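**Q** The structure that follows is given in the form of structure tokens.
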Amino acid sequence: MSAPARTALPFDLMLFDLDGTLVETAPEIADAVNDTLTELGLQPASLEQVTRWIGHGTRELLVQALAARQGRSADAVRGDAGFAAAEAVFQRHYEARCGTRSHPYPRVVEALQALRAAGVRLVVVTNKEARYTARVLQAHALETLFDRVISGDTLPVKKPNPLAVADSLLRYGVDRSRALLVGDSSIDVATARHAGIAVWCVPYGYNMGEPIEACAPDRVIADFGALMPSALGPATASGRHGCAPAPQAFSFTPTPSGCTP
């Protein structure tokens with residue numbers, strides 16, 4: 001565990017979702033999905049449909065795409081003996097597409113650079129598999145801005161399980177009252193709630209087509225300008241900023257709106 005390093009800002013540790021929070025990746029993901037569907041003889045999906053499927057990792061994304069196009073349940077697709085072959089097709093296409101039509105959202109790079117210069121520990125926590133996470137970060141020269149990258153296959157479990165947050169708090173010696181998760185979906189809100197840390201969300205990301213406000217994050221920020229040190233201001237006397245409630249017992253059952261109850 002690293003020795004705790006308290007910054008002059010309200011937070012010493014910030015954890016960020018990737019897709020829909022740091023980087024707009026939906027267009028290239030949709031390209032890979034449709035390359036796959038076409039090769040399998042199925043009708044392509046719209047960008048809006050693909051955007052609704054993003055959040056649980058590429059395997060589940062493909063499950064949802066095949067279920068929609070084949071008129072079957074997700075469970076039926078997962079249990080299909082031919083799914084592994086379809087997954088291999090998708091992996092081939094996404095390897096080719098990854099990083100080709102994505103871009104960081106406004107003020108992301110500027111904010112990350114400023115936070116890093118201020119001594120804040122920065123961690124990516126995404127459900128995307130590591131090989132794709134690395135490609136996206138490298139494509140936009142973002143990898144050097146982070147102290148750690150936790151992908152969907154880095155730990156035994158992924159979001160909304162809070163292990164990635166808990167592991168980062170321990171690794172960097174940060175109290176949960178001085179940690180913030182920045183995301184775009186109900187998955188991120190649930191992760192933060194289970195870990196007992198504050199969560200701020202952007203409204204432009206991928207939340208299964210529903211407004212992020214319905215998921216009740218501690219704050220909705222227009223863009224990463226709200227994360228600039230000058231916007232955050234100094235730490236309060238208590239060290240708290242925003243809301244970091246006591247950790248909740250882990251359970252996650254999405255409602256039809258995509259937000260946890």
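A Cβ is built for glycine as well, from the same backbone N, Cα and C atoms used for every other residue.
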**Q** So TrEMBL lists ASP17, ASP19 for Mg(2+); which of ASP184, ASP218, ASP223 goes with them?
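**A** Matched candidate out of ASP184, ASP218, ASP223, per TrEMBL for Mg(2+) with ASP17, ASP19: ASP184.
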**Q** Could you name the residues, excluding ASP17, ASP19, ASP184, of the same chain that surround the Mg(2+) site, i.e. Cβ within 8 Å of the Cβ centre of those residues, in sequence order?
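**A** The surrounding set, listed in chain order, is LEU18, GLY20, THR21, LEU22, ILE54, GLY55, THR126, GLY183, SER185, ASP188, GLY205, TYR206.
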